[in-house]
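Going by Swiss-Prot, these are the annotated features:
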{"type": "DOMAIN", "residues": "317-367", "note": "domain 'bHLH'"}
{"type": "MOD_RES", "residues": "Ser97", "note": "phosphoserine"}
{"type": "MOD_RES", "residues": "Ser116", "note": "phosphoserine"}
{"type": "MOD_RES", "residues": "Ser331", "note": "phosphoserine"}
{"type": "MOD_RES", "residues": "Ser332", "note": "phosphoserine"}
{"type": "MOD_RES", "residues": "Ser390", "note": "phosphoserine"}
{"type": "MOD_RES", "residues": "Ser396", "note": "phosphoserine"}
{"type": "MOD_RES", "residues": "Ser449", "note": "phosphoserine"}
{"type": "MOD_RES", "residues": "Ser1046", "note": "phosphoserine"}
{"type": "REGION", "residues": "46-78", "note": "region 'Disordered'"}
{"type": "REGION", "residues": "131-219", "note": "region 'Disordered'"}
{"type": "REGION", "residues": "227-486", "note": "region 'Interaction with LMNA'"}
{"type": "REGION", "residues": "415-456", "note": "region 'Disordered'"}
{"type": "MOTIF", "residues": "27-35", "note": "motif '9aaTAD'"}
{"type": "TOPO_DOM", "residues": "498-535", "note": "topological domain 'Lumenal'"}
Amino acid sequence: MDELPFGEAAVEQALDELGELDAALLTDIQDMLQLINNQDSDFPGLFDSPYAGGGAGDTEPTSPGANSPESLSSPASLGSSLEAFLGEPKATPASLSPVPSASTALKMYPSVPPFSPGPGIKEEPVPLTILQPPAAQPSPGTLLPPSFPPPPLQLSPAPVLGYSSLPSGFSGTLPGNTQQPPSSLSLASAPGVSPISLHTQVQSSASQQPLPASTAPRTTTVTSQIQRVPVVLQPHFIKADSLLLTTVKTDTGATMKTAGISTLAPGTAVQAGPLQTLVSGGTILATVPLVVDTDKLPIHRLAAGSKALGSAQSRGEKRTAHNAIEKRYRSSINDKIVELKDLVVGTEAKLNKSAVLRKAIDYIRFLQHSNQKLKQENLALRNAAHKSKSLKDLVSACGSAGGTDVAMEGVKPEVVDTLTPPPSDAGSPSQSSPLSLGSRGSSSGGSDSEPDSPVFEDSQVKAQRLHSHGMLDRSRLALCALVFLCLTCNPLASLFGWGIPGPSSASGAHHSSGRSMLEAESRDGSNWTQWLLPPLVWLANGLLVLACLALLFVYGEPVTRPHTSPAVHFWRHRKQADLDLARGDFAQAAQQLWLALQALGRPLPTSNLDLACSLLWNLIRHLLQRLWVGRWLAGRAGGLRRDCGLRMDARASARDAALVYHKLHQLHAMGKYTGGHLIASNLALSALNLAECAGDAVSMATLAEIYVAAALRVKTSLPRALHFLTRFFLSSARQACLAQSGSVPLAMQWLCHPVGHRFFVDGDWAVHGAPQESLYSVAGNPVDPLAQVTRLFCEHLLERALNCIAQPSPGTADGDREFSDALGYLQLLNRCSDAVGTPACSFSVSSSMASTTGTDPVAKWWASLTAVVIHWLRRDEEAAERLYPLVERMPHVLQETERPLPKAALYSFKAARALLDHRKVESGPASLAICEKASGYLRDSLAAPPTGSSIDKAMQLLLCDLLLVARTSMWQRQQSPASAQVAHSASNGSQASALELRGFQQDLSSLRRLAQNFRPAMRRVFLHEATARLMAGASPARTHQLLDRSLRRRAGSSGKGGTVAELEPRPTWREHTEALLLASCYLPPAFLSAPGQQMSMLAEAARTVEKLGDHRLLLDCQQMLLRLGGGTTVTSS
């Protein structure tokens, strides 16, 4: 039969598309196609005239049924091309005799399903007779094979149980379960013979090695009668686990011819493929996919197969090796990540690779920090060991070192190291480390869900260090009531008086009608009991009171010893509270702090009765500690014996409880913890009492912060009649700071200032849960009420500084007081803005907010801007230049705000800087453009809805006045001294340009609009209206009336004028001086009442300017006086 052309390029393309196809599949296809291509050589008489009925020279094509694409065409063409590509020896096919379709009538059998024995069919192995071919002439009736090159390797036949021992037979289960290579089998079947079933099952056990290859190809022939009618069977799909082939038994036998057996390349896996069964005439051709264990083949056979398939499998082997390397690499990485997850978060956690690596990084950083702390502690102990003379000194040094206010007092360093590191994100599992301190007995959520710690088991807690549970507040209050009852009713005196008879009862008992000679003696004997009994009773009462006090303060105080179960529970809840505070989960943090107090034996009151008892006890305890009795007894909590270790543990326990109470009080003050004023007062008193009992264990800054928090509670919760207690707590905080270190923390220094102290005690302010948005300061620490009060004080200082300029009081308006007072407030504001607690500070329970401060850039910027404006008004340009860099860098918060006031302030500063700079000879249009932009932002600010803040109105007045002063200064500089002299004699002076007049009128309109709601702006309206008329050259009569309002400020106001003065504020010294200069320089001489009035006005202005401290303006006034005096002298002469 003809072969279809199939080039090498197409084969390469097909191999590229296959990609990861196994080389074993190519080997199977090669074996199948080799047999099909060599069918003419294997069966030379298959299509001859005895079978086909045609002539030998017939060249007609074969029947379509015999050469259907499913059976012959495609496999033959593919096999030929594959053999050409793989370099296999190809047998030349002999001439075929086609079978005519009319005489051959090939019969297509349908596909047979997998065989299952029926009731009438018996499965039994049929031995086949194996005949060796004769060396000479073959016998008639046998099929002679043509000569063809031998295959690369053949297996010698071996008898197998249940199968014919042919090299080309089916691979079955050997005794050793050795898998044989695939081969081809041809069987001839004839009708009339009973069917024979050959059933194989591939098993997986290995024992027997395959037989060595023979040196020459062998032909095994099974003789049988062959029926002349060819039968073509459809391809059957045979499973690997149950291989079944059913053939029709012929009359005498079957003729079988073996093809060359190809070996599998090492490492190839044979894929299961369909069994191709081809029958032509009476011969059945079948191929079976097999699996060969290459590890058990001889080396020389493996080498032969690798040489034959080396060129075809090189690319596949490279890809397979690369994929295997990548797979091993990924498997190794995944195994290490799983191992890392088990070490960091435990075996039951469900995390992805990124989360595992992130947790590992956090845990490594935690361990590094812990190791650094341990190294420092070891170094300190080593130095102490070198300096100490004995072990007792070293132990005492270690005990004294534990008194510092660190975060983990009372727990050994190894306990600190095994605490749970913080998780990476809020959504991470609660069990963040297998080394976290677990609790078997805790019943709450949060960190209690962590697994039990391998370090701290219940059996490892030291039993010799017992935990003192202490007394509840109800028991303490009952004991106090008992003591008070004993002191008031004195039951011991009544008891002694009833038990010992008095003199009257004794005389009555011995009274008789006769005379008693011993009565005087007995009366003298009973007098000593009357004198001795009251001291004994009071002594007994005193002993009873001392015993009750010792029971309350010494033996009733709960003491938590380190390395005990309550201490472990406390530190777990406290660390979890720190994490919750850092994440902003304040409700969960409050819950953890509540559990921490419960672990210390100090549960918070849950009912109204418990709350009342706790509050009364804390009040009594604070009064006793003010008398130093309670503080002295509390210093010996745990026992009256002189045990330094127990005393240090008692102080550390009191310190830990005080810090937790204080943090809960701060959360309540900021609205993060629910409860009324009584609960807050109880928390404040508890924190204060325990902090005083802790002594040196509490740092100075923490104790002062607790005192200030108590003063805040008095200011917030108690009525106004009891607000004097704030002075007491503030003085206690100041004394505590000065007694220990001699300095006050930076965050509390403003409380020691008279202005700050007055604001705290007498100011009308309140702490809000949610900090209000402000344009003049930033929000501080959200859990620190003192930071919010500091923010309110900064805004108060800014308002006071602005009011000193806008509406100075009559007492401070004399001289330079209005400017100096404003600068003093601004300096204090700068110091306070450097001591504001920022949101980035630590949220730890043990951290002191007073010692952790930041900077408020917004308040600092407004203070610098106001100071620059004041320096400009004072004509002190050198001081203003020092603040230019601070004002030019506007904070990012103000740049992003939607309110136009900050932008109006910035552009007003730029415009005034360009117009008031006397070193510039000319002010170009660029300065006017900046001034117009500032005026636009100012008008937008005035048009915005009012916020109700007085700082906004005062700041708007300052900016509007600054723009008008800058425009006036630019107009005055444009005039020469000659033009000023002309103004004295002419009715009109030098007029400003239309652009300047329009801008001035717009700013003046903004000032009038502001004066409608802010009365202090009315004084500036009169003065700037007069300036506008002078710039426009208007009638001087109205100008003189406007200036006269500022010139008559010194006239005494009568009773009727008091109301007018309230409606029209009196002008300040600065306004009076400006009016004098405008009137003397720009009003015509006809409007002056006397010839020498101009010089008198200039002299008065010079004296006022000297008081204000404006040296440059004073120099200008003196020069004008010299010019006027010289002119007068020349005229008079």
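Keep in mind that glycine also has a Cβ here, set from the backbone N, Cα and C atoms.
The model shown is predicted, which means the values in this text are computed figures rather than measured ones.
A sphere of 10 angstroms centred on the C-beta of Ser332 (phosphoserine) encloses 10 other C-beta atoms. Across the domain 'bHLH' (317-367), DSSP classifies residues as 43 helix, 0 strand, 8 coil. All protein chains included, Ser331 (phosphoserine) registers 10 other Cβ atoms within 10 Å of its own Cβ.
A helical conformation is recorded for Ser1046 (phosphoserine) in the three-state DSSP classification. Over all protein chains present, the Cβ of Ser1046 (phosphoserine) has 24 other Cβ atoms lying within 10 Å. A gap of 92 Å separates the Cα atoms of Ser331 (phosphoserine) and Ser1046 (phosphoserine). Across all of the region 'Interaction with LMNA' (227-486), the predicted model scores a mean pLDDT of 58. The two recorded residues Ser1046 (phosphoserine) and Ser332 (phosphoserine) have their Cα atoms spaced 91 Å from each other.
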